[in-house]
Every structure is written in structure tokens, then in C-alpha cells.
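What Swiss-Prot says about this one:
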BINDING   Cys69, Cys71, Cys84, Cys87  Zn(2+) 1 binding site
BINDING   Asp461, Asp463, Asp465  Mg(2+) binding site
BINDING   Cys809, Cys883, Cys890, Cys893  Zn(2+) 2 binding site
Amino acid sequence: MKMLDLYGYTSIAQSFDKICISIASPESIRAMSYGEIKDISTTNYRTFKVEKGGLFCPKIFGPVNDDECLCGKYRKKRYRGVICEKCGVEVTSSKVRRERMGHIELVSPVAHVWFLKSLPSRIGALLDMPLKLIESILYSGDFVVIDPIATPLSKGEVISESAYNQAKDNYGEDSFIALTGAEAIRELLVRLDLHAINANLRSELESTTSEMKRKKIVKRLRIVENFINSGNKPEWMILTVIPILPPDLRPLVSLENGRPAVSDLNHHYRTIINRNNRLGKLLKLNPPAIMIRNEKRMLQEAVDALFDSTRRSYVSNKAGSVGYKKSLSDMLKGKQGRFRQNLLGKRVDYSGRSVIVVGPNLKLHQCGLPKKMALELFKPFICSKLKMYGIVPTVKLANKMIQNEKPEVWDILDEVIHEHPILLNRAPTLHRLGIQAFDPVLIEGKAIQLHPLVCSAFNADFDGDQMAVHIPLSLEAQLEARILMMSTNNILSPSNGKPIIVPSKDIILGIYYLTLQDYVEPEEILFFGDFSHVEYALHNKDIHICSKIKYKMNYCTDSSDGNGPTYYSKIVETTPGRLMLWQIFPEHKNLTFDLVNQVLTVKEITAIVDLVYRSCGQSETVEFSDKLMSLGFRYASQSGISFGRMDMIIPDTKTMHVDNASEKIKEFAVQYQDGLITKSERYNKVIDEWSKCTDLIAKDMMKAISVYDEESKLNSIYMMAHSGARGSASQMKQLAGMRGLMAKPSGEIIETPIISNFREGLNVFEYFNSTHGARKGLADTALKTANSGYLTRRLVDVAQDCIVVEYDCKTHNGFAMRSVIDGGTVVETLDNIILGRVAAVDIYNPITKELLVNAGELIDEAKVEKIRIAGLDAVKVRSPLTCEAKKGICALCYGRDLAIGDVVSIGEAVGVIAAQSVGEPGTQLTMRTFHVGGTAMRGVETSNLIAMLDAKVKLVNSNVVEDKYGNKIVMSRSCDVVLLDSVGNEKMRHSVPYGARLYVNDGQLVKITEKIADWDPYTMPIITEKTGIIKYMDLIDGVSINEVLDESTGISNRVVVDWKLHLQGANLRPRLVLVNDNGDIITLSSGLEANYFIPIGAVLSVQDGQKVHAGDVITRIPRESIKTRDITGGLPRVIELFEARRPKEHAIVSDIDGYVEFGKDYYRSKRRIFIKPVDDKLSPVEYLVPKGKHTIVNEGDFVHKGDLLMDGDPDPHDILRVLGVEALANYMIAEIQQVYRLQGVRIDNKHIEVILRQMLQKVEIFEPGDTMYLVGENVDVEEVLKTNSNMEKIGKSPAKYIPILQGITRASLDTNSFVSAASFQETTKVLTEAAFSGKEDSLYGLKENVIVGRLIPAGTGFLMNKIKKLSLLNKDDYSMYYNSEYQDLASIEAGHACSVSPSQGVSDTSGAVDY
């Protein structure tokens, strides 16, 4: 324990392990109190002294001044503990006025508003009475029968006052007991036998068959059991004594004009005391009952107002209005409440803020701190040094010396700040890189200087941004700042493991310019053998930086025979600029000259920084980055790149492309007028045509702009965009191409595009259309920033207690990872997905059977390369979702800590990192919406499938018919085209929609770019399987089908309308039937009749009696016009997924494998679908689909478990129920990543998996077995496993359960820690629940520990807790514990020296000392 004392660790905050909460009994309130308060007086208006016996009474609460009684008789420390015989005040510290409580003895009991009105009403549940009735007893003067004695009245019956008087007259004065007000409720609660109620409810639960009744019983039973288990008594919910807060927590402050500013609580207490005293006096006078009842009601309302003003039945002033008085609940909840304002976030001393300016001369670990600021911040340090050196005798003189800025002060300041890191923070701090440590360098001026490379981590720019400075004071804080938070230790981004200290903007432009090469061949190419000669030639202007030269490059390789390295040289064709860049590279065999001998854009430069980090380690990377930055800045200035109007080159082909598009659009208009296409089809085709036209113009513009010109060399704007320094192809397209389509605020695309570009200038109409996008961008920014910030807060709250608690949980479970293919193209390779994960099983090469990776081994870059060469298409890796560690996760299931590039350290708060990684880009993207200027960024709908490589085709679930033109038409709803390589490994898989034309056969070999299939992207067809004659069934004009006349074309289409709106439409089943020449219904290959059911909104393509051929389209269902997809649409999608909300019109998922059969009858407004299982012994599963919804299956189709039966997004809860956790994880990850990928943001899957793990912490009991659980109860997974294990040990049957998915808000509120839940949302509800359940908080998470003022149990705090545990054990336990846990921990920590070791710090050459 001595070691802990060294850090002052055994403070009060450390001396307890749990926090318990329960309802305060009247006895405990009196025991806590130092005296009863009966007087409302506060201070004397003349002397301003506090009044005795009043709300600030010093006799009860303690002295106002330290060690001084009220009358002044005793005035020194030596009298401590003495109680003055004159004024009765104890002589002690005035601090006791923050701790000592008082109380009010109520004349009549009152109900506690939290237990009465916080839904579900706890009092109501115990008494089995509706809240309305209880309120009528409390507030309206109704009576409740407590004991009917010999009358026909029943116990608990509520009667009005007139009925009560009538009963008294009928049965006599004492023939029954009935009471009103809180006394009545209290009497009922006192008489409750909770154990008997519990037994009755359990037997009722077993016998009931009604689901609704069962839910009601379970709710009540849970409350009854909580009361029994917690030891709380029901009558304690009715107050007979009210505690009074210590006076210093509700102070009386005098304002400048002498008037007192009174805390709202004092107002509430005065009202209660006044009404209580008045009621007491009234009772002595024996007045009419109505007066007493009214006074009791007023007392009840006054107490309600004190505890929770918002829950009173009559609220005179609503929250936020002028006369509103804050209640105790208001003090706790919300952003300004005690939890969030004072406990989770505090204002800090030793801090300052100022504007930031760029500091290009700083090293990466430095920041420029203004001298004046440093002087103020380090004042106490300077004072102590001045005293220590004997320069001044007192602190007062030292302060004066600092104020006068004497020369000695500056010398001491230099000494003080040496090796003393400071923290810089820029708001909003969206991820952990928003606060970093730097070594301060004193500068003149008043602005903080920031290193340019850390700007992207802070998301800072120099247009007036401000940053805050904080000083770590204690030795431990300085140590943590230097080892963990130093900017040089934060090179990689925690969200994706890519370098975040990468050059950008000017630096990129400078390096790009440096690596350019002249396109014009020189008359003679000069040879150089040494770099000094190249520098000499450059100085003499014999060559230019971009000139082509030949250079003798020396190489060194390790010889295979083990005789040491071999040296050789080679002539390379390069430029002086590239050689100059090569000089700053560190020496390593992975870093070859080929890396530099190319034009470097931002992508290549990022890859180089990454490679340097992986190969040479941290200190080399830091040095390299600094040198790269200096070089970039230098050559960006020297290049003379500028931005001119004539640099925006408008392509000559623009007019041609616009004319062609206009012609096509006229064609579409004609087709529409002829009735060949519908209105929405025409709209979609127009949008697509303009998108194509814009893209063609952009392509031609890029071609024109990227031409190398002998006079002006490369185009400046092209260089900026191509290098990735500033601007994008889409912005250039708007400058010199064509602005393109614009979106309305609703998200619809306006079909008239903006043909002009910014160089030509927009006309009035085009300018007006542009305003939509600009305005939407600004409005989005304002609204969505708040949404995104709130999402981050919820994510942090749900994941904050997810910490790495052990190295290996020994599980063999995991998920099979595959590359992500979207629209036939690989959007995320398998390499990227498995890098940094741990193999769940041994991985072998499928051909050579060579072992590539052992189970439990980390897959690093080298192993990824092996797996790629082996051609594996799926790899099983461990995942946080399958981790079996208790109260956290294990290091191996998490894998690599992306910020350090090695297995994650034990004690790492991976939950918070995951939440920040997912939340941070959301905010960034929403702030960035308007940069594209709102031009419609919609891609052209994919309508075909092209082979991306030479391969063999494999068709899965293909059911094909041939139409009259000989085309193969896909009739299957789940047809997949798989492309296999020569070995037979799956390289690409694409689903082909129903109705597509197929150009290949199963087993056919295809060449790259060969077309495999195509389809109409704007409509969903219904296609005949056989040749025959169409017959309309239940398609009645004016009821189920309408001739919809298009006014603009005069053409009418036959559209199916909602037939349920008509009286005669109730039993209709609109369908097309296929008959033969005799009029008999044709039987399909599945053995079913050819009935084609038509949904609402479908357009019929055939007439009644028309002959059709197999493969003909008989009905078209238009798809909706596609809206613009940007993160504005994307952020709500991410929120919807994390909140596990049921999509508005969600698709129905098949629970089993089987054949589709449509029910013969309609069930009210629903349509029946049966899935008939393959096994005839099993009964079919019935689904009810809303009438008119388009089912995407036909009668007789075979569907697999988990297939969709109708259009729409599947419900995540259904996926979990039907297909399990892995399928749910795959779906959620795919959907969330799709939104981020659309914006070019990369987040590692493991972060989403960590959040999902927290969302899957609860299970639902469906069979309790011999346990005490109830059916339908939601319980923690760990708790159930523990209970089941105990049950099995004693030979009893365990509980059976299914996993459930909770949204992040629900999961945060259902956490085991009531302290954490209360500080999140619904504070009063959470505390009410916790109090009557007598909950314990074991303080496992981060938030709870911050609130109680301890070190968080992550990082340093995690190890401290280990040491604390060790120190409390006796010798035998100690050695056992040490061998099992600590040994393991020590070995891992040693292995993780890379994250904290001195050698990884900044090396001497960069200006810092090894620490």
C-alpha cells in the first residue's frame, strides 16, 4: 500500500468499492439531520447576520465564520468543539455548512413525486391502482376504503366525498375506515404483504394465456421483487419528514445594490415551512374538513415543486419561463445539471487560450508559447524558484518581481519550462488527437504557434482559430503527457491506422512540383555520379529541378550466402528534384529509390510516411516528416504556382456534348408523349443523360487542362487538383466544365442543369437554381453538426466501459472476413480488412497446404502479403463480438491498436476510441456538405454487369427463360453470377436482378470488359414464364385499375390503384392470369397456376386477351426517383442503424427455407404468404404483407432462410433473430461503412464491432427453467451465464434465452451502472428506478469513476487497480494472483514498450532530450 500512498492514492475516493442507493427512511433522514427547522427567516435585514432557527440557522448548520460562534464569545481554534452556552453554536470550521443537513417534520404526510408520477408509477404498481385514481385521492379529495369492516364496500375502493358522506349516513360513523390524501395511500402501503403479492403474481403468471395481461403482471412483479430484495419499505415513498440541503449548497449572495440573490431552493423550502406551519395551526382549531383538505393539497404541491417542478399536476410557470423556480431534479438533469456541468466536466486552472498562427520553423514536438502567457501560467513555479534561489524572501515580493518583468524572471521561466510539456486543445475535441502535448518554445507576440503537420489531427486552420493551453502539474501528469500524449507519439490515426501527421496543402504542392519531370526530351541528358555535382549544376542553372538527368545510384543488398552485404551501382533516369527528396530518406532496405522516382501526389506521400513508420520506427518518421515539410514549403514558394483565369480551360467539345444531350432529352419527351415510358422513367432518363453529359465534359476538360505546354509548363490549377493539395475534379468541373445538375432542398434533383461554368458566368435563371444548393449546404451545416455531436455523445456513453481487461480469452470463435464488393467492383480488399486482426484458426495455403498463420497470431503486413499471394477469398479472424472476456474484451480479439501498430495494450479504453472514430467523421462530413456547392453528386444508375477480369462464370440459383428474340431472361429472385479464377477461387460475386438479360452460360469463360448481363434500372418488371393469353382478374375499371391520363402527352396508362378504398373492392385480388387457347389456366414449372398478383402503382403493359410470349414484360413497377446521396442523407442512416430502429417500411424476412405459396384469402388489409418448408412434417410459416406492397417473390419460388419477401430495408432485429449475430454484424458493418465510404472516410471495422458488442449485451429469457427470471425479461448476458452455471452445478434446469439488439440510447440507459445512466439522460427516471431497487454500482466504467473523483480504470488507473488488489492480498493469495494475472500482464506490458518506451521518443537530433 506504500506505493499507492506515494501517489496520494488512498484518498476518500479510493476507500470504497461500490456506491449504493436506496429510499431514505424517515428515521435515516432524522439521523442525518442536525435539527428541525420551523422558521422561514434567513438573515437579519439590518445586521445581515443569519437568524437562529431559520433556514440558515448556525446552531443547526454550523458557524458562518471559521472557529467563531454567532455572538462572538468564542473566537479561536483552541475552542474547537465547544458549544457556546449563549448562542448555542458549535465552534468549528465553516466548511460544515456544506455537509450538515436539517429537516422539516411534516404535519401531514405527502407523496414523493418521483415515485408517484415517474412512469410507470411505482406507488400505482404496488397498489395495483391507476395513476388517475391515486391523483384523485391526493389532490381532489376522493376517499379510499382502507378497511370495509362489516360494510359491502370493498378494500381499496375509491369513492367521492359525497359517496363517503352517504356511506357514513347509511352504515354509521365507525362502521368502516376510509381516508383521503397521502395518509390514505400511506396506510394502504403499510398494510401491503409483499411476499403474498409476489406468490400470487407468480401463480397468476403461470396460469395466464393473454400476452397483454402477462406483460402487465411481469411489470408489477419486477417492482414487488425489487422492493423485497432491496429492503426498502413501500411506505417510505410517502414522506413524513423532508431533508433540508446544507445552506452553503443553496447560498444567499448579496448583489451590488445590496439586494440578496436567493437560491430557488430557499423559495421552495419557505413555501413548504409556511404551509406546514399553517396546517399545524389549522388542525388545532378543528376547522371544516374542506379547509384542511385544501391546505394538505397545497402542502403536497409545495413538496412536489421542491422535488420536481415539471411533474406537478398544476404548473404555474413552465421550465424556462420568467417565474420558474428550479427544483432539486432540475439541479441534477440536463447539460447545466450537477452531473454534466460539475462532475463530468470542470473548468480548469493553469490554463489559457489564444489565437493560433503557423510555426513552420518548429520541430514536430514543439509549439510556440507567447512569453506573457507562459509567465502567467508558470507563475507559481517561478515564485518557488525565486524563493529557492534566495532572490526574494516572500511570495508577495516574488509576485511583484514577476509583475515588473525583471530580467531574472525570464531566466527562471526558461528553466521552468525546460522539459515541462504543455497540452494544447482545440474545440470541438472530437477524438483523442484533439488534445496533444508539446514542448513549449518561448516566442514574442500574443499568438500560439502551431506546427503545420498537426493541423489535420486538430482539424485546425489559421483563419482565426483559437486553442487552449493546459499545464500538467504533477510529476505523473507530466509523465503521461510526455509518454502518451506527445505529438510525436501520435503519428497514426486511431480510427484507421493510417498516418495522420502527413503533409497537406502547400507542402504537397511543393513535393509534387519537386518530383515533376519535363516532358520535352533535352538535347542531351547529363550524367551525374554524386549529388554534390547535381547541386552545383542546379546552382549554375545548367539544369532545372524538373530536368531529365541520369544518375549513378548505389545499392546494397544482403547476400544469400551469408558473407555480409554486397554493394552495386545502377544508372537511373530521374530529376534533380527527386534526388533532392531522396537525400532526406532514412536508410532502410524497404525504402528504395523507386518510391521517389515518380510524380508524388498526396496518396503516394501518405503511403511513403506509412512505410517509413513501419520500417524505421517513430523517431525516424518524426525527423523525416519535419524535413519533408521544410522541403515542401521551400519548393512551393520557389515553384511560383499561381491561380489565373486563363488556367481554367473550357473544352472545345462542350457545345457538342450539350447539343447531343439536348437531342436525347427531346427524344425522351417524344417517347413519353407516345406513352412508351412513364413520367418517372422519363425523369430518371433525363437525369441520367445530363449526368453522363457532365461527366463527358469533365473528362474532356481534364484532358485539355492536363496538357504539358512548352511555354507555361503544366497548368497551375491542374497541378493543385492532381497533387491533392487543394480542390477536386468536381470543383474543377464547375470552374471550367459545366456545373451540372442541382438538388432541391428536399433532395430531389432539378432536371434542368446549369450548363454554364464559373469562368463563363451563370445567367440569372442558373444563378437562381444554384441558390438551392448553397442554402441547403449552410442549413445542413447548422443542423447536422448538433446531430452528429449528439451521436458521438451516445456512442461514447454506450461504449465507455469497454476496456481491454486481459490478453487472451482463449476463444476459437470468430467471423469469416471477405473483401467488400459493391456493384461488381471491389471497394474494400481482404488485405485491408484482415490487417491487424488475429487469426481464429490456422490459415493454410489451399494449394501447397503450407501453414501461413497460426491460430491466435496477429496478421501483420508480411502475413497479409502471404495470404494475398495464396489467393484466399475468406479468412476467419477473431472479433470483439465473439470475445468471451468478462467485463470488457481481450487484446487478441481486438487485435492491433491502430494508433501504435501493435497488439493493443491491456487497460486501453477501446470503447471510447471506437466511439470517437465513428462519431468524429460524422461531424466533419456534416460541416463539409456545402463545399461541393450542392451540385447533384448522383452516380448514373448501374444497369449492366461487366467482367472485371478474365474468368470462368458460375451461375447460382439461375432460373432462365428464353424470350421471342432469343434472349435469356432471369426468372430467379436470388440469381448470383460468380467469377472464378483459374484455380477455382471466387474473385467476384454479383447479384443479377429478376428480369435481367443474361449473355453468358454456366461454366463459360469470359474476357475482361465482356458484358455478362444488363437490366432496366428504373422499373421492376413482372415477366411471364410461358407463352399464352393474358386474362384480367379482379382488375375492375374505377375500382382496382384506372386510366391515368397524362395531361402533357394526352396518353393514358392503365395503373393499378388502391382497391381497398372502394366498398366493392374489399375482397378483390387484382392479378393477371395466363391461359391457353381453351381458356384453361396454364400450370408453371413449379406446379402452380400462372397467377401474377399486381401491387398498387404498377403500370400494365398488356391488354386483356393479348397473346404474350415467354419472357415478355406484362407489368412495370416504377422505382422512385433517386435522391441525392450525401452524408446529410447518410448521417440519419447511421443514427437509425446504431439506434437499431425498425425501418419505416421494413421488408419481411423469411424465417425458414421453403417454397412460397400465396394464401387464398385476404385477412382484412393484409395479404397472406406461406413459406412451405422442405420437410413436410413441419408446418408452414405464415406472413402478412400489407395489401398493394410489392412482393419480390412469386408463387412457387424457393426462398432461403433470411431472404426478403418484399421490397424495403430489412429490420436488424429480424436479421439477428433469423440469421444470428454474424449475419447481423455483416449487415450493420456493410450499411454503416457504405455511408462513410461514399464520403471517402475510412474507419476500421473493429470500431463498429466494439459498438455492436455493447448493443448486444442483453438477452431475452423465453424459458426461465428453475431460475428466478421471468419470461420476456431482458437480462445481462454475463449474469445469465453465471446463473445458468450455478443452476447446472446443483442439478437444476437453466434458463433459455435469445440475444436481443438494443439501440445505443437504450443500451446506455440499461447499463449496470446507475451513476453512468443518470449522467446520460432521463436522470430522474434512472435514479427513481435505482433507489427503489436498492441498486449497487460497482464502478467498473470510466464515467462512474470520473464522477466519484478517482483515476479511471483504464491505462495508468488499470495498473493502479491491479497494484491495489495485490496490496490487499495476504502472502499465499498474493503469489497465486501474481502467477496467474500479474505475470501475464507484466509480459504484455514489456512487449508493449513501443507505445511508451524512451527510445521511441524524439531523438536528440530533433532538439529534445531522450526521456
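Note that Cβ sites are derived from N, Cα and C of the backbone, with glycine treated the same way.
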What's the CA to CA span in angstrom from Asp461 (Mg(2+) binding site) over to Cys893 (Zn(2+) 2 binding site)? 38
Report the nearest neighbour of Cys809 (Zn(2+) 2 binding site) in space among the binding-site residues Cys69, Cys71, Cys84, Asp463, Asp465, comparing Cα positions. Asp465
Where Cys87 (Zn(2+) 1 binding site) falls in three-state DSSP terms: coil
Ten-angstrom check, please: count other Cβ atoms within 10 Å of the Cβ of Cys890 (Zn(2+) 2 binding site), all chains counted. 23
All-chain count of other Cβ atoms within 10 Å of Cys71 (Zn(2+) 1 binding site): 14
Additional residues around Zn(2+) 2, ordered along the sequence, whose Cβ is within 8 Å of the centroid of Cys809, Cys883, Cys890, Cys893: Glu806, Asp808, Thr811, Arg878, Pro880, Thr882, Glu884, Ala885, Ile889, Ala891, Leu892, Tyr894
Around the recorded Zn(2+) 1 site (Cys69, Cys71, Cys84, Cys87), other residues with Cβ within 8 Å of the Cβ centre, ordered by sequence, are Leu70, Gly72, Lys73, Tyr74, Lys86, Gly88, Val89
Per DSSP, to which secondary structure element type does Cys809 (Zn(2+) 2 binding site) belong, with helix, strand and coil as the options? coil
If I restrict to non-local contacts, at least six residues apart, and a C-beta distance under 8 angstroms, what lies near Cys87 (Zn(2+) 1 binding site) in its own chain? Lys52, Pro58, Lys59, Cys69, Leu70, Cys71, Lys73
Which residue, out of the binding-site residues Cys84, Cys883, Cys893, shows the minimum number of other Cβ atoms inside 10 Å of its Cβ in this structure? Cys84
If the Mg(2+) site is taken as the center of the Cβ atoms of Asp461, Asp463, Asp465, which further residues of that chain fall within 8 Å of it by their Cβ? Ile356, Ala460, Phe462, Gly464
Could you say which of the binding-site residues Asp461, Asp463, Asp465 has its Cβ with the most other Cβ atoms inside 10 Å? Asp465
Counting distance between Cα atoms, which of the binding-site residues Asp463, Cys890, Cys893 is nearest Cys84 (Zn(2+) 1 binding site)? Cys890
From the Cα of Asp463 (Mg(2+) binding site) across to the Cα of Cys893 (Zn(2+) 2 binding site), what is the distance in angstrom? 43
Site of maximum Cβ density within 10 Å, from binding-site residues Cys69, Cys809: Cys69
Cys890 (Zn(2+) 2 binding site) and Asp463 (Mg(2+) binding site), compared by Cα position, are separated in whole Å by 44
According to DSSP, folded down to helix, strand and coil, what is Cys883 (Zn(2+) 2 binding site)? coil
